[in-house]
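Q: Per TrEMBL, the features are:
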TRANSMEM  29-51  transmembrane segment
TRANSMEM  127-148  transmembrane segment
TRANSMEM  169-191  transmembrane segment
TRANSMEM  211-235  transmembrane segment
TRANSMEM  247-267  transmembrane segment
TRANSMEM  322-345  transmembrane segment
TRANSMEM  357-374  transmembrane segment
TRANSMEM  386-404  transmembrane segment
TRANSMEM  425-444  transmembrane segment
Amino acid sequence: MCLEGEVTVAQVSVGAKASAGEPRTTDQVLGYVVTWILPFLACLLIIWLALSLTDFYYPHAWASAHFGTVAEAFASHGIIGLHGMPIENFDPLTTQPDNYLHWPPFYFYVLSLVPQAFPDSIRAMHLFMAVVAITNAWVMWVIASMFFKPRAAIVCGCAFLLMPATLRYGLVLLPVNMAMLGISVALLFMLRYLQGADAGRNRPLDLGLSAFVFFLACFTSWEAFLALPGLLLAYGFDRRSEIFKVGFCWAMAAAAAGAGTLAIFALSDPTAFADLCSIFTFRLGLTQYLPLSTRVHPVEGQLETIESLNAFSSLPHFFDAYIVRTQVFCGSLGIVGIFALFLTAVRRRQSTPNDSFVALVLPLCAPWLGWAVIMQGHYVIHDYQLVLATPMLAIGVTCIYSLLDESVSAMPASWSRQNLKLLANLALPCALFVLGVSAAAITVRGDAEAWQLANFGRRIKAEVPAGAMVVTSEMSMVQTFYAKRHVIRGVPDEAYLESKLLTMRGICPDCALYLAVRRQNAEKFRGMLDRLQPVFEDNSFIIRKISPGAAASEVGRRPEPKGQVALLHE
């Protein structure tokens, strides 16, 4: 991709000549720290992390298991074979496949190429996400080179890779990670289009490419739609007709992506619209998600009230959602960068006519801030969505470096100038790298619960034959991914299972049915476990086979539970 503003190695490897009174060797060393050492270490760290994550055992591993399962389904049956509908389960798909309507499908189409090329390789999936992150960092570097000096642009790319949110959740198999790459590329083509218009050159190809990439971003994740209001807000600050044209093309692209997603879902599942409405109001924090009666996946335990999920319901919830978590996953350096970003935007607006910096910053801010406000409770629960803030924070750190560099250039040769140069070119890169290493260490440390669920899934795969269905009380998708069997999750207790046995049999009459529970949940199913055929039992897991005649006998034994709330876990 040949782009204006692309930086050559000669421009950035050493930096400007040393000022009078300053040894050239010091300036060379500081130049190498920013232009060579920091990018190398940042890429090395995220690749090492991807190679180290051989299993889904880290915090929010359930999300990777969700999307990995959907990708496995497409890899096994093909996109056309599943009519483009994401399915979050394994064979047999049954007469009521587990349609996953929470995100648009394009990301799953792309991710399914990984298990096709590297079957059963979790490391390959994490390496794919590392490639997405490194590509996004490169795009951020190219974008930053349009507004900042060469070294500062390199800092932008490195800051993207070393932000805690990237190293904690950038390798989780989340659609939003690829969607943010799409937004960044769309903004890059938009900036090229605006620069061409300022220079008197009409570049409709850049406009079309920007709209097309934004369409793919919206076809990847709902969060990408929120970049459009940010661009329209930028038009309010900068009334150039070119920005309005980009906004109009983006709106058409978003509408096409939304219509395409709804068409795929509606053609494959007649209940899709009703379920989507329920999902949407649930994610807004307005209602609890009540799936249709055909769903047999309940939630175990007491559902939290809407007040407890709503980040605006109390001051402690608001503080935890918008202050504490932001600091943890963005780092103190990122928080300072937000203020530096605001200061830089004001200065550029006052000094540079037709400056496109606002048209870059606001579309990057909108997905993070818009999602945080709209989703309320989900912002508290799904803190992995702070990856939405990473591109904006990377530019914020770049603004810090740029302000320090400008201060160094404006000062005469002195002891203070040399110390400030050390701060900008040595202390800031070191702080970024330490921030990244700390986040990577937390990710590698893993989560004991996810480890146990992975072992649970492996045991199910070993003991339950292919083509069977498995009932379990676990809500996580981790054991489902490792089991490679059709798993009915989240059955809370024996009474609920008995009431749903006929329904479960009905969706796959010829399939063998098994009950698998962890030892700590065995008491909830004690009566059935004592009556069912033993398959496997140890100190951790119990697996029993449900005989074909059990459905009729168990239904007559217990009444349908009253007040049981069913919920399809995200």
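All residue numbers here begin at 1 and follow the chain in the order shown.
Cβ coordinates come from backbone N, Cα and C, glycine included.
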Q: To the transmembrane segment (357-374), which of 29-51, 169-191, 211-235, 247-267 is linked by the most Cβ pairs under 8 Å?
A: 211-235
Q: Within the same chain, where does the transmembrane segment (386-404) have neighbours whose Cβ lies under 8 angstroms from its own Cβ atoms, ignoring anything closer than 6 residues to its ends? I mean 6 or more beyond.
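A: Tertiary neighbours of the transmembrane segment (386-404) are 136-137, 140, 144, 148-149, 151-153, 155-157, 159-160, 163, 165-166, 169-170, 174, 176-177, 180, 183-184, 223, 325-326, 329-331, 333-334, 336-341, 343-344, 360-361, 364-365, 367-368, 371, 420, 423-424, 428, 432.
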Q: Would you kindly list the residues that approach the transmembrane segment (247-267) from elsewhere in its chain, counting only those six or more residues past its ends and only Cβ-Cβ distances under 8 Å?
A: 83-85, 99, 101, 104-105, 186, 207-208, 210-212, 214-216, 218-219, 224-225, 227-228, 231-232, 235, 273, 276
Q: So, does the transmembrane segment (425-444) come close enough to the transmembrane segment (29-51) to give 3+ Cβ pairs below 8 Å, pairs being at least 6 apart in sequence?
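A: Stretch pair touches.
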